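What follows is a single structure, written as structure tokens, with notes after it.
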Amino acid sequence: MAARKGRRRTCETGEPMEAESRDAGSEGPPQVYLPGRGPPLREGEELVMDEEAYVLYHRAQTGAPCLSFDIVRDHLGDNRTELPLTLYLCAGTQAETSQSNRLMILRMHNLHGTKSPSSEDSDDDDEEDEEDEEERKPQLELAMVPHYGGINRVRVSWLGEEPVAGVWSEKGQVEVFALRRLLQVVDDPQAMAVFLRDEQARVKPIFTFAGHMGEGFALDWSSRVPGRLLTGDCQKNIHLWTPSDGGSWHVDQRPFVGHTRSVEDLQWSPTEDTVFASCSADASIRIWDIRAAPGKACMLTTASAHDGDVNVISWSRREPFLLSGGDDGALKVWDLRQFKSGSPVATFKQHVAPVTSVEWHPQDSGVFAASGADNQITQWDLAVERDPEAGDVEADPGLASLPQQLLFVHQGETDLKELHWHPQCPGVLVSTALSGFTVFRTISV
């Protein structure tokens with residue numbers, strides 16, 4: 001959210017941005033810039049990031065854009081809030097030619113906060129300031145392996161002590177790659193040199209399934225049964241992968257039948273070993289139980305969950321809630337105890353284009369984030385209620401049209417595709433877009 005014409009304002013959750021104009025404009029009461037709701041920026045106006053709204057903010061580019069990525073859990077500890085941060089990502093490219101694509105591990109480190117430590121000595125010279133700035137520069141290490149074909153989706157899991165990535169290729173197959181060596185070399189420059197010289201070109205997937213007969217996007221590892229995997233394709237089929245001895249998988253050739261169009265996303269239940277949810281371009285959300293035969297495994301269906309394609313879902317690890325986002329721009333919260341009713345318990349309409357990603361906060365049960373093709377990332381808290389005593393609505397009438405649960409609107413990306421909360425760094429969000437990766441934490445979460 002932002003002010004217009006060089007004026008600054010702070011919304012009720014404390015999230016300010018600025019708009020600046022290079023031409024002299026008339027002064028007046030502050031106005032709120034509401035993406036998709038108010039008038040567009042006029043000529044000479046631009047939105048400028050206000051660093052006071054962010055605890056952490058960094059951007060990175062990897063060459064070809066990445067449609068999908070996942071955060072790799074590491075051994076640096078949980079609940080990390082001390083800066084600078086280190087994090088590991090696994091991502092796949094969508095390059096201009098099939099031969100130019102890569103699966104990669106990114107190590108992003110020395111990620112400092114937006115506020116540099118204040119100097120006690122006011123007489124510090126410019127050289128010391130430059131040294132401090134150099135020490136605070138973010139660092140990026142990349143380990144890449146060739147991948148023939150664009151990568152539609154990447155999801156990471158740990159099989160005991162072995163990290164693996166499930167990769168949906170635009171060429172129609174799903175592959176599993178071992179990540180241990182890639183994670184080693186981004187931490188060790190000498191190992192990286194050996195890897196680039198002797199190993200990089202020879203890395204192959206440890207398992208490949210080509211039985212989908214076409215490309216897809218939906219993929220999810222079970223958090224409860226290591227190695228158990230679901231994959232869904234654009235032909236409406238869902239297949240179950242069961243790990244077998246020797247680091248391989250048995251993929252059931254009988255698909256789960258129910259959807260009538262492309263399966264867009266899959267989510268295993270975080271509390272039940274055999275239950276999963278799916279969403280589809282047929283506008284439905286379905287709940288399944290793999291203990292039944294694939295043709296009879298669909299237990300619950302909401303046929304018209306959205307007005308159009310249901311693109312993404314997220315199953316809360318804290319509450320019996322499912323979150324969905326669709327082509328209609330709507331975000332919906334479903335109470336699975338009332339799923340048969342076909343009605344969500346909450347619907348939010350802030351995005352003005354298809355929702356491209358949704359995810360519940362891993363620690364805070366009421367908080368979630370979403371990204372959209374309108375280049376907004378929104379943060380929400382179901383527990384928030386507007387304070388009737390607050391004067392912000394009177395000062396900025398435009399705020400009255402905002403959902404009261406909306407905490408923060410982040411902008412500045414181009415063609416947003418996916419976001420994830422870091423499971424070990426509370427409040428840290430990572431997103432990927434045509435414009436690259438962004439790592440940030442806002443003052444609101």
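The backbone N, Cα and C atoms fix where each Cβ goes, glycine too.
The compositional bias 'Acidic residues' annotation in TrEMBL covers 120-134.
Taken from TrEMBL, the feature domain 'Histone-binding protein RBBP4-like N-terminal' covers 45-112.
Per TrEMBL, the feature region 'Disordered' maps to 1-42 (among others).
Positions annotated as region 'Disordered' by TrEMBL: 112-140 (among others).
According to TrEMBL, the feature repeat 'WD' maps to 256-291 (among others). Sequence-remote contacts of a segment are chain residues at least 6 beyond its ends whose Cβ falls under 8 Å from one of its Cβ atoms, and for the repeat 'WD' (256-291) they are 216-225, 228, 230-240, 297-317, 322, 324, 326, 334, 336, 339.
With helix defined as DSSP H, G or I and strand as E or B, the repeat 'WD' (303-337) counts 2 helix, 17 strand, 16 coil. As annotated by TrEMBL, repeat 'WD' applies to 303-337 (among others).
Secondary structure of the repeat 'WD' (348-382) per DSSP (helix as H, G, I; strand as E, B; remaining residues coil): 0 helix, 18 strand, 17 coil. The annotation repeat 'WD' is assigned in TrEMBL to 348-382 (among others).
The repeat 'WD' (256-291): residue composition by secondary structure is 0 helix, 18 strand, 18 coil, according to DSSP.
Counted with DSSP, the domain 'Histone-binding protein RBBP4-like N-terminal' (45-112) comes out as 6 helix, 36 strand, 26 coil.
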